[in-house]
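Now, the feature entries from TrEMBL:
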type	residues	note
TRANSMEM	12-35	transmembrane segment
TRANSMEM	89-108	transmembrane segment
TRANSMEM	128-149	transmembrane segment
TRANSMEM	181-208	transmembrane segment
TRANSMEM	366-387	transmembrane segment
TRANSMEM	399-420	transmembrane segment
TRANSMEM	432-451	transmembrane segment
TRANSMEM	522-542	transmembrane segment
């Protein structure tokens, strides 16, 4: 395999970041549209209850299988065939169908009532969500192949089309009749999942045919890669290990397999990830489960919390998550799970350590910037987004300011825990599951108790405690891994002196602007923030010149190649 895993991971992160910005912009625009035209209770039902159903079903159906299979492409390449991997990925479809039965029962009969006015539409939305999840997972096999063979742009393009189609369908339906918002939400979700299916299979049908042509051209030119590239392009090089001759081979049992249909070692790893996945899902969506099971907040309050939560976790969604996913892919392809670091390739271990250090430094710096400027610009952002009626009372602003603190913890946890998951053995994953169980129970108890006493902000405090517990565990693991080595990737979590001092000055200046300039002119207040953001970024670049040079060099080379 001649593909550059690190380069692919970096490209995947950068493309995903731009994609997430685009998707978040569309989502926020839709929410702003709904916020002013549709009842807040409807928004709470869609964005909290229905999306929680989708998240739960997709996560439990595919997360453990895809993560285990991704590791198997490298760590078990001599044991696990492509036929077994394809069969494994298709298990997600019947798993989703089976899980949909208890999920539907719980969502329709156990969770707090949505009210008689919305019951019929809510029931339709639940069924639409379940069907869209099952149908979408039929494309999980080609999506997995695309990730393994570094088709970075494919996922970005398809996910963008997915969001675009869902948004267009939803807006058209709601514009015609604002009272059918929940019906429109379900229809748009199902329609957009067809884009994922058609896009994945359509792409590989065309690509496989052209790859066959490329191999024929290469053979015609006596294996002269330059001539073949000139005739066919550069997208077919280093694909000698691509095992598929037809898109139908991505259907289970079609690809020839000399052994059993499934791999026992892979199944063991899947079981470990299943236990971990359930607990991680509880931790990730815990506040929504608490809101749905116990009526600590009504649907209108849930809608406000969800909107503010989306804004507060903006960086986590469009920056941290793509970086986390790409880093996880890189570490699974670089560090072996079942071999001690000191026994592995020293150059790979050194590179992985440096990558982890740089990524930690980058996400921590982003988190700190979000925290500092969030204290002075939360109210301004919410005012521009939702209007005076939305920010009235001060709750949305308070929630967003506390989210700014959670951003730092989310940034650190995503990377350190991602490295740990990418390099843990099955036994280590099982051991961590016990701690995850403790974290999950503690988080749910804290969420319920703090919310009862302090309202919606209690969810954020509980989440901060949860993140702190998980960070402590994952950083302790990394520290032990590198205890006998010169490299210490955790140094990246400590901000530099110049950058730190600049942040302090920026925070004081922006807070002064909030109290003295904002009442007179919101434009001047925003201008002050923009100036200090520039100086803050400049100070970071000055202090981290080497990282900045590498990033600029990669960007420059990419621009030249295009």
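Heads up, the Cβ atoms here are built off N, Cα and C, so glycines get one too.
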May I ask which of the stretches 89-108, 181-208, 366-387, 432-451 has the most CB pairs under 8 A with the transmembrane segment (128-149)? 181-208
Let me spell it out: take the transmembrane segment (181-208), skip the flanking residues so only those 6+ beyond its ends count, and list any with a Cβ under 8 Å from a Cβ in it. 34, 38, 42, 45-46, 50, 54, 118, 121-122, 124-125, 127-129, 131-133, 135-136, 138-139, 142-143, 145-146, 151, 154, 157-158, 161-163, 165-167, 169-170, 173-174, 235, 244-247, 250
Which range wins on Cβ pairs under 8 Å with the transmembrane segment (522-542): 89-108, 366-387, 399-420, 432-451? 366-387
